[in-house]
Each structure stands twice: as C-alpha cells, then as structure tokens.
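A.B. asks: Sharing a structure below in structure tokens format, with a few things to ask.
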Amino acid sequence: MPPKFDPNEIKVVYLRCTGGEVGATSALAPKIGPLGLSPKKVGDDIAKATGDWKGLRITVKLTIQNRQAQIEVVPSASALIIKALKEPPRDRKKQKNIKHSGNITFDEIVNIARQMRHRSLARELSGTIKEILGTAQSVGCNVDGRHPHDIIDDINSGAVECPAS
C-alpha cells in the first residue's frame, strides 16, 4: 500500500506547454492525478495563466500543496525574446520552424538578461547578456539592427559597455 498522503507536503511539477491553450489533459493526468487534482481543471487554469504568452512554448511550474495548485510561468530566454519582438501570434499548426526576422534594442536584451539572471550560470551580468544575445541569434532576430554575434564581439573587446547589475 502506498504511504499516507501528507497534506502539508509540497510537490513541484514542471510542464512544457503552449501559452493560452488548454494542452492535452491526457499528458497532465499521470503527473497530477495521483496528487488528487483534476487534470481538466488544472489545464484550464494553466491556459488562463499563460494567456499573455499566446502561441509560445513555455515552461509552467505547478506547486501543489494540500490539493491546491499554484501556477507560475517560467519563460525561457527564447520566449522572452520572441515576446519582446511583439510579433502577432501565429497559428503554430500551419507554420513550423519560423525564423523571427525582427529587431530588438540592446536595452531590451539587458532587461531580459536581468529577468534570467537567477537561472544563468554566468558569473556576471555581462555573461548573462551574452547568453541572451546567443539565444537571439538562434531565434534569428537582430539587435539594434546588427547581428547579435557582432555585439558579443564588441562586448568581449570592450567597445560596448554592459551594466554592472
């Protein structure tokens, strides 16, 4: 027989889902069913919480305590960059492997780096900024009209100043 369910125990479940959509509740069921939650209700709550991230793949952190689920959106660097591009949401079923050919400012990159700082492995903010610039390169957008890798080279050579914190 399984151990008795402790009401004060906190369980954390991470899920990848598309923002603003009720994902497949069948994928939720094996993860949160044993914890005494209704997958359908949690799926609707996730869709509500991720409304701002329509059409983007994001990670959702479910903190479950005493049969209550708290939903926290944990956006990836690429999701933050694509959101900063302010492109209209696309139907992801029609188009696959989209290149985002937009342009964002270096200040927005710094803001994204500050948001991601706690999850970054870099020692300083300049390292995190370089990580975000690398992600911007993979997404396919430009920064201040230039290729992101050129800006990384400028940071390394000292031509571009990074904020200290």
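From the backbone N, Cα and C atoms, a Cβ is placed for every residue, glycine too.
Reproduced below are the annotations present in Swiss-Prot:
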{"type": "CROSSLNK", "residues": "Lys40", "note": "SUMO2 cross-link"}
{"type": "CROSSLNK", "residues": "Lys48", "note": "ubiquitin cross-link"}
{"type": "CROSSLNK", "residues": "Lys83", "note": "ubiquitin cross-link"}
{"type": "MOD_RES", "residues": "Ser38", "note": "phosphoserine"}
{"type": "MOD_RES", "residues": "Lys54", "note": "N6-acetyllysine"}
{"type": "MOD_RES", "residues": "Ser165", "note": "phosphoserine"}
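Locate each feature and note its surroundings.
C.D. replies: Over all protein chains present, the Cβ of Lys40 (SUMO2 cross-link) has 12 other Cβ atoms lying within 10 Å.
Secondary structure at Lys48 (ubiquitin cross-link), as computed by DSSP, is helix.
Under DSSP, Lys83 (ubiquitin cross-link) is assigned to a helix (H, G or I) in the three-state scheme. With a 10 A radius on its CB, Lys83 (ubiquitin cross-link) counts 18 other CB atoms from all the protein chains.
Around Ser38 (phosphoserine), taking its Cβ as the centre, 16 other Cβ atoms fall within 10 Å, counting all chains. Under the DSSP three-state reduction, Ser38 (phosphoserine) is assigned to coil, being neither helix nor strand.
The number of other CB atoms found within 10 A of the CB of Lys54 (N6-acetyllysine), across every protein chain shown, is 15.
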A.B. asks: Using Lys40 (SUMO2 cross-link) as the reference point, find which of the recorded positions Lys48, Lys54, Lys83 has the shortest Cα-to-Cα distance to it.
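C.D. replies: It is Lys48, whose Cα lies nearest.
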